[in-house]
Every structure is written in C-alpha cells, then in structure tokens.
Amino acid sequence: MALVRWGLKRQNFHPLRRRRRALLLKLTVVIISVLLFCEYFIYYLVLFRCHWPEVKTLAHGGRQEPVLKAMFLADTHLLGEIRGHWLDKLRREWQMERAFQTALWLLQPEVVFILGDIFDEGKWSSDQAWADDVQRFQRMFRHDSHVQLKVVIGNHDVGFHYQMSKYRIKRFEKVFGSERLLSLKGVNFVMVNSVAMEGDGCIICSEEEAELREISRKLNCSQEVPGSSQCDREPEPRLPLSAPVLLQHYPLYRASDANCSGEDAAPPEERNVPFEEKYDVLSREASQKLLWWLRPRLVLSGHTHSACEVLHPGGAPEVSVPSFSWRNRNNPSFIMGSLTSRDYALSKCYLPFEDTVLTMYGAAAGFLMILILVHFEHLPSPFLCGWKLCRLHMRR
C-alpha cells in the first residue's frame, strides 16, 4: 500500500511541476516581450511615421540646388551627480539615447543641432563630474563620421550670466567647439551664446558681440557684387549668398506664450504668465541687435521646454523647440528641416509619449497578475469560467 501511495503522489507531482514550469515560461515571455517593445521597438514604430518635409529647389547651371537635411533638438538636461537620482538618469537617458539612435538610423540627417542645456549641472559641476557627464553624452549621442553634431551653449551648461565664467565657457568649447558661423550646402548657420547677450558690457558679453558684428560684416560682404568693395581684399572666401539661420538657447524677446498653440505648447495656465527679460527670454535690446546685425530668415531656440511659433518685426519667424527629454515633458519632439540657400521647410517629429509607455507597463502588470491568479485558481468563479472558455475556444 505504501508503494502504491508513493506512486500516486509521484504521478501527481509531475503534472504540478509541469504547470509551474509552464507558468514561469509564460511570465518570462510576457515580461521580455513587453520590455523589448516598450524600450526598443516602440521608437521605430513611432519615428517611422516621420518624414523630411519637401522644399522647393531651383536649378542652377543645369543642376538642382542641394538640400540640407538638419535635425534640431533642445534641452536634453543630462542629470549630474548632485540632483540626479540613478533611476531617473537610467530611465530618461535611455529614452533619449534610443530616440536619437533610432532617428539617426531611420532619418539619416546630415547635421544635428542641439540648442543648449545639454547638461543639467554644467553651471556648477566639478571637472570630474563634467568629464563623467561628457562621457555619458558622447555615448548617448554617438554618430557616424558623416553626420555632424553641433551644440549651442545654454544657461545650464555654463551658468546664467552672473554665474558664467571664461573657464566654464572654455571647458564647454574644448569639447563641443567654439565656432559661431557654419556653412553647409550653401546654408549659413549662426550659433549664438545667448547667455552672453546681457548687454552690460562684461568682458564675455563684449567679446560675443564683437564676434557677432564680425559675422554680420561677412554676411553683408556675401551680398555685394565682387570687385565693388573692400570685401574683395579679405583673405577668406566669401560666404554663400544666403540669409542665415539663427540658432540660440534663449528665445528672442516675447511678452509671454499667450499666442502659442498646439499639443506641445505650454499648459494653458502658464501661457499668460509674463516672461522675464534676460531670464526666460532675451531682452528687447539684445533681440533687436541680433535681428539687425544678422537679418536671419529663420530663428530656432530652446529654453522654455515648450513649442511656440512667433513672427518678429521684419518678418523673421522663430520656432521654439520643445525639450527632447521625458524629464521635462510627456510628449517630447524634435524639428526636421529641409534647407536650401533660398528656402526651407520644417516638420515636427514626436517621440513616444511617456504616459503611453507607462500605460503599457501597467496593462502588462495586470495581465501577469491574471495569469498568476488563474494558475492558482484564485480568481472568482465567473472570471475563471470565462478564462477556461477562452482557452477552450482558442484550442479549437
């Protein structure tokens, strides 16, 4: 009898072990599938819908005018060692890395501009912390040699005006370069250190304004007929005949975001809050200087973390680019630009929404709970009967 009982127990034990293994396999498959989709494949699914805008091209000498494909993003705010929790770093930096690498692979831009505040603590970080942040940035925003990556100075990178120092600016420029003027495929870009546009005559501010006046002179020379002025005596070749695209961190002066609209504009309760000059936006005087000196055909800026489109006096349009990070908004995005020397077209590309990903994780957690409860038959009888009927129907 003892042998018979032992045999029956052993027979009952094997099906139980098989059921546990089946449950473990189901849970593993669901968890891995959800992780792969939410942390990897969703970026391809969402960014696959983005396309380069069409721009009118003119023929010169029997050849079509070249089109430059440029990406513009802003305010990545990589967290530092002081305010950055490790889980916050891991989550938000992985999101930006996957979004950027997917965009490079799918869209293949020729140049990428980041409009300031790439770091969150550059204004007070030590040299070692700065080196660590730079290393993380270079890993996240790695790119092939045929893609150019240009970065504009932001207030979190070197500090607000009264925190800014020559040392911090040199530290930034040592990594990201100091060029203010860039010409690609006949398109002129002017990258401004808008933190230095305080207008109080400080040494850094005076040097920045002097450099911008020199750029203004070069742009004016490009519009003159060769042989008709002193510009011909310049040792450097002339710039392409093209009104520049102005890139900076602070927006040009505007009273508020009251006239901004769209799903990624500032929340309605914040749009009528007046902006503070030299903190939220550039001062009126600094804005007028930039528009007068450079006469841009397009201005792109960051800083506010929200989208806005403004038409400035003289007809210069400005586009404020929203933050690229989930840390600053639920629906981050970037701008795609197709540019020629005479024309341009812009479109916006949204990244996966953070609440969508969190909802998917919540739904997956609920499904896992149901699997576990069904396995141990802890569901109320109506749910259990319904589950068994579904399984029976699926087998047929």
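Using N, Cα and C of the backbone, Cβ positions are placed for all residues, glycine too.
Noted in Swiss-Prot for the protein shown:
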BINDING   ASP75, ASP117, HIS249, HIS305  divalent metal cation 2 binding site
BINDING   ASP117, ASN155, HIS249, HIS303  divalent metal cation 1 binding site
TRANSMEM  28-48  transmembrane segment
TRANSMEM  356-376  transmembrane segment
May I ask for the distance between HIS303 (divalent metal cation 1 binding site) and HIS249 (divalent metal cation 2 binding site), taken between their Cα atoms and rounded to an integer number of Å? 6
Positions whose Cβ lies under 8 angstroms from the transmembrane segment (356-376), at least six residues beyond its ends: 19, 23, 26-27, 30-31, 34, 37-38, 42, 384, 387
For the recorded divalent metal cation 1 site, whose residues are ASP117, ASN155, HIS249, HIS303, find every other residue on that chain with a C-beta no more than 8 angstroms from the centre of their C-beta atoms, and list them by sequence position. ALA74, ASP75, LEU115, GLY116, GLY154, HIS156, ASP157, SER194, VAL195, TYR250, GLY302
Taking only the Cα atoms, work out how far HIS305 (divalent metal cation 2 binding site) lies from ASN155 (divalent metal cation 1 binding site), in Å, as a whole number. 13
Expressed in Å to no decimal places, the gap between the Cα atoms of ASP117 (divalent metal cation 2 binding site) and ASN155 (divalent metal cation 1 binding site) is 6
Shell list (divalent metal cation 2; ref centroid = CB of ASP75, ASP117, HIS249, HIS305; cutoff 8 A): ALA74, HIS77, LEU115, GLY116, GLY154, HIS156, GLY302, HIS303, THR304, SER323, ASN328
Euclidean distance between Cα atoms of HIS249 (divalent metal cation 2 binding site) and ASN155 (divalent metal cation 1 binding site), Å: 8
Local Cβ density at HIS303 (divalent metal cation 1 binding site) - other Cβ atoms counted within 10 Å: 25
Going by DSSP, is ASN155 (divalent metal cation 1 binding site) part of a helix, a strand, or coil? helix
For a quick check of understanding: among the binding-site residues HIS249, HIS305, which residue's Cβ has the most other Cβ atoms within 10 Å? HIS249
What's the number of neighbouring CB atoms sitting within 10 A of the CB on ASP75 (divalent metal cation 2 binding site)? 27
